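Colleague: What follows is a single structure, and I will ask about it in a moment.
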């Protein structure tokens, strides 16, 4: 399998999004931990919220595109090269970015124009919609509509991916060869693991509705969502992908030979 195939293209896009995604929150979080100044400006807070949620939505859209890619590869293998062309991959990625960066913009603009006159302490380790809106001294009930829109977005992506994998599993189960079934499951296991990790953390973080947690559990959930999930995704892809493992093995063997030559 060549590294220019659609799945590797989407993995590279996902990796880039993960790096950018964690950069929006972790540096500021770490600086607050090691310094006495634990503040962030309103503009900085809004920018953090915008990029954090935009990149999160974009990542969800890319995961959906990856599920469609796996669906076509397994359910329509003969037509796969003609359907999943480089042009379509670029279009899906561009559409994912457009969707992510435009959907959050109206909400950020609305929040930027709200008056804030209460406490200036955010009950979270990064700027997020609910903690920031709780500081506003005006009616913010409109956020319920916005939350419903975001919930529909999340559920739509989840349903597309879930239905794709239901169809994939049904096709795999009727394959006559046990080796063919094993290989087919192997190609989908990595993406399925990342999908469950991403949407599982999103569901706990944003689809809790009226459920409330203590500050401790809010922090634990946020750390899992912001740090743990992006950290585990590259490891899952590397360990579950034969080509990745072979490439890592070649690097270690080369370094071992180079070290031996140096001595």
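Backbone N, Cα and C atoms are what each Cβ position is placed from, and that goes for glycine too.
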Colleague: Out of 50-68, 69-87, which range is noted as transmembrane segment by TrEMBL?
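Modeller: Result: 50-68 is the stretch TrEMBL calls transmembrane segment.
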Colleague: Can we call the transmembrane segment (88-105) and the transmembrane segment (188-209) in contact, meaning three or more C-beta pairs below 8 angstroms at a sequence separation of 6+?
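Modeller: Contact between the transmembrane segment (88-105) and the transmembrane segment (188-209): absent.
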Colleague: Per-residue pLDDT averaged over the domain 'G-protein coupled receptors family 1 profile' (1-237) comes to what?
Modeller: 82
